[in-house]
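A quick write-up on the structure given underneath.
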Amino acid sequence: MISTPRRNTDWCIFQMLEDPDELAVLEEIQQELIFQEQLTIEEYEQSLQFDEKCLNAMLDGLDAGSKVICPVCKSCLCPGTHFCPVSRNDLTVMSHLVLCQCGLHICTKGMTEQKLRSLLEDSLTEHGHRCLHNPEFSITSGMEEEASLLMSCLICDSWTVIL
């Protein structure tokens, strides 16, 4: 009987499977492949969770409609993330007061959400023409001064009083 390549391959596999050292190596390789597959699945699931959080944050922004998100809360980024949907609060805008849960409390005259949104957008647009970096917002007040909302950028060393 003439030996065929298929029979030689089968014979080699059979001999390899009988050798305990070879079996141990194959089992170790199989365990490593299973471990790598589990890591890939976990990474994929984490990526899906992050995508879901991003989508929910965007949908929340669409639902907000005419509300103005507090720029002080929004500029507080959590370490390692691009944004923190948990720390974003909507501003309460009244004709004489702008409030936020983060502590922003600024007295105003004749303020509306539309006016405030316009002030913020105009300031950000003007800054964007000079600098590519995102400015930060903060609240400042002196001893006798009322609180003010400031926009500042450490990169281009600029600051603007918004309110």
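Easy rule for this one: first residue shown is 1, then count along the chain.
In case you wondered, yes, glycine gets a Cβ from its N, Cα and C as well.
All annotation found in TrEMBL is predicted automatically rather than curated by experts.
Copied over from TrEMBL:
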- 15-58: domain 'RPA-interacting protein central' (DOMAIN)
- 83-160: domain 'RPA-interacting protein C-terminal' (DOMAIN)
Subject >> pLDDT averaged over every residue in the domain 'RPA-interacting protein C-terminal' (83-160) >> reply: 80
Original post:
By DSSP, how many residues in the domain 'RPA-interacting protein C-terminal' (83-160) are helix, how many strand, and how many coil?
Top reply: 21 helix, 24 strand, 33 coil
